[in-house]
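Chemist: Structure below; questions to follow.
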Amino acid sequence: MFGAEDPANSSLVDNLGLTLPWSLNDPHFLTAGFSASTTTAALMSTLWIIVFAVPSERILGSLKFAITAALIHITSIPLGIGIAHLIEEADLNRWGNNMLADVLLTPDFWVFGVAAFASASMPLLWRRRTRLFLFTITLTLLLYTGTLADVTMLTATIIGTVAGELNRHRKTPGGRWLPGSLTVREARIMTAILVTAVAAGPVLAALNPLTHGPFSSATKLIWQPLVTEEHMHHLCHTDSTSDACQGALDQLQQHGVGPSVANLIPLILTVVLAMGLSRGRRLAWILAVLAQLISIAVLMFQLTKLSADSTDLLWSVNAFSVIVPWLVALAVLVFSRRAFQVKIDTTRISKSLGALMVTWLATAALWILATLFLPHAFHPHPTLGLAFKELPFRYLPPTIETVLSHQLFPRSPAGWAVFEWTGTLFWLVVAATLYHLLMGVPSNKAHEDQENAATLLRSGSGDHLSWMTIWGGNTYWWAPENAGYVAYRVKRGIAITLGEPILGPDSSVSKAELAAQFEEFASNQGWIVAWYSVCEEFSKERINAGHHTLRVAEEAVLSSANADFKGKHFQNVRTARNRAAKEGVSSIWTTWADLSAEMQHKIITLSEEWVSDKALPEMGFTLGTVNELSDPDTYLLLAIDEEEHLHGVTSWLPVYEKGRIVGYTLDVMRRDPQGFKSVIEFLISEAVVIARDHDLEWMSMSGAPLSTPPGVADDGTIGQILELLGRAMEPFYGFRSLAASKNKFHPEHHGWYLCYRDELSLPSIGLAVAACYLNEFPLPNWLKKTATSAPSHS
């Protein structure tokens, strides 16, 4: 890859670059994508080729890659030039030179176009991420700088995406055209990618010294100072308030390592925030929203300072177009706010703020003392007042300082060092502190509670759902003397428990006694208790204590004594197992930590594809997600063929009784729609065999939430709410059809119950249960309407 440093004098640009007007027989039409206009642009293009073109070639194959690149090349240039004509004729590019006067010489447009086309052949996970990044970068560059190359890049990306989708649907008819639902995990990652890509746009624009945008006068300064330090001193000595003095200082302070690092600080901070967003940190979300608002304000301030006609209507239109990427990022952050609910301990935040305050005081003191003890290093002669007036500017990126008036000017190496690095050092400490804060354990207390619950459960006794109590989102009530605990969630003033109380190893009290103690605690807090998904024996104990019960789910339990699957009843199961053997599909019993990174990614991709086909958001509470698979006590059962293709995966939660594992409960189930059709039946049958080999008596296929057998459903308010919720979820999650499919194994059925005391609170209980499953997502309107209109039932 070769690049010319100065296109005005470069024979490379003259020989290869495309200028307007042009025609189809112009040889430059074919050579415009062969090289780049500057050395820096060539380096950036090389990066894009490594990141996008090389993987695309592996996906498409060499021949198809070459054909696609050629087609993208010959279609995107004419369309891009046509769009550039429209933009210029509408006077929507007022920031820089006429796009039609640009020289087009870059491979970036066909690289992005081919990557967009190849993304259609990627797994859903990477298809969405790749397209999001491509479109965010191209749109930001176009709106921020507005060159002919930017227009062509966006055009090529659109062409590649549309062509790729048409090709994908030609191969697999009936697939989705529009993207489906996102898991909470993927929503976080996609938001982080968007925020990072938007912040990277100005940096990428600054890497090109030929940029023609609203801030080109600032970004060009990064590359070469047009004045000497001596000339700046002369201008400022004559009149320190003159435009010539300020302009000379602006040019000098953009050049060198210090200013380069300072200009990268916003991107560095954004990357740190994006890492926090990917982990769902609420603080990262708040700071990211503030960052977008500050960016928009700074951009508008710069535009106003750089433009003489800021009251003109077309100026307003152009200004709005520049801030569109940040507005989009802000809108996405607001729309996806419910995915960022992981709160960080206020004590950790307070300690971090204290450390940052000390750092700021230290750097501010460094600046003040340097100006006072090194008076000859600055001009004019520094005073305490001038030092304090200049202090705020030391914490701003140099590109922003170009539109501000300075009070002091460095005139020696020591002065330049303090001038450039005072604020940069502070912001680097901010970035490191934020990283530690956002990537560490969010809540020490919550983490300790989960660890204590897991330790007590491993040595004590729980029910078939008890391992779910150590998942995130639960709150714990601890019995005196470590006798046990209750995991619960408070929604709408209702304390919804996750199963029954867990007994400690040395507990001298019964579950009924612990339940009574917890109810007293909840009553003191002003909550109403609803015991959710408890077994029949515990529900009878609550009836004796004055509760009412409602059957809410059916658990299917398989005996390991049937691991041979003999008899006519198990014909379908034997068929699934025989077919798996015939197709070379085998099972692996393992944990998440023991899987390779590649297999972990396959599981994540399979889960994302499963969720994308659902209209409802991913749920939680008693329904595990990929996040819960990493638990070291949770076992995974995978169906893999000889080519390492993942056909399906199930996860199994341990069930403890008096300190030992007595069985496992099925949680996550995912299958490849294009893979082995009977994979779930195969995996469940393999789980029964594993139970027998581990001397376990049973394996629970769990309960299908909100699916009750005919004749036992409740007709009252809460029954109607749960029935409607279950019916609405059925097409997307298949709980009821799943309950029917489990009958192939002829399991024992056990009811799970909801126990409640106050019948008047039934509507609130129904909505609270729904809120637990939907987590932070809003409840459907039809569900709220049912709760408020249906009559109560005793």
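Numbering starts at 1 and runs along the chain as displayed.
Each Cβ is built from the backbone N, Cα and C atoms, and glycine gets one as well.
Given the structure is predicted, the values throughout are model-derived calculations rather than measurements.
I grabbed these lines from Swiss-Prot:
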TRANSMEM  34-54  transmembrane segment
TRANSMEM  67-87  transmembrane segment
TRANSMEM  99-119  transmembrane segment
TRANSMEM  132-152  transmembrane segment
TRANSMEM  257-277  transmembrane segment
TRANSMEM  283-303  transmembrane segment
TRANSMEM  315-335  transmembrane segment
TRANSMEM  353-373  transmembrane segment
TRANSMEM  421-441  transmembrane segment
Chemist: Which of 67-87, 99-119, 283-303, 353-373, 421-441 shares the most C-beta pairs under 8 angstroms with the transmembrane segment (34-54)?
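Modeler: Counting Cβ pairs under 8 Å, the winner is 99-119.
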Chemist: Please indicate, using numbers and ranges, the residues of the same chain that are 6 or more beyond the transmembrane segment (99-119) and have a C-beta under 8 Å from a C-beta there.
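Modeler: For the transmembrane segment (99-119), the nonlocal Cβ contacts are 1, 7, 12-13, 16-20, 32-37, 41, 44-45, 48-49, 52-53, 55-56, 59-60, 65, 68-69, 72-73, 76-77, 80-81, 84-85, 87-88, 93, 126-127, 130-131, 134, 138, 146-149, 151-153, 155-161, 163-164, 167, 212.
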Chemist: Counting only residues 6+ away from its ends, which parts of the chain sit with a Cβ under 8 Å from the transmembrane segment (283-303)?
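Modeler: Tertiary neighbours of the transmembrane segment (283-303) are 195, 199, 214-215, 218, 266, 269-270, 273-277, 310, 319, 322-323, 326-327, 329-330, 333-334, 337, 340, 343-344, 349, 400, 403, 434, 437-438.
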Chemist: Select the range from 132-152, 257-277, 315-335, 421-441 that forms the most Cβ-Cβ pairs under 8 Å with the transmembrane segment (353-373).
Modeler: 421-441
Chemist: Name the range, of those listed as 257-277, 315-335, 421-441, that has the largest tally of Cβ pairs under 8 Å with the transmembrane segment (132-152).
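Modeler: Top-ranked stretch among 257-277, 315-335, 421-441: 315-335.
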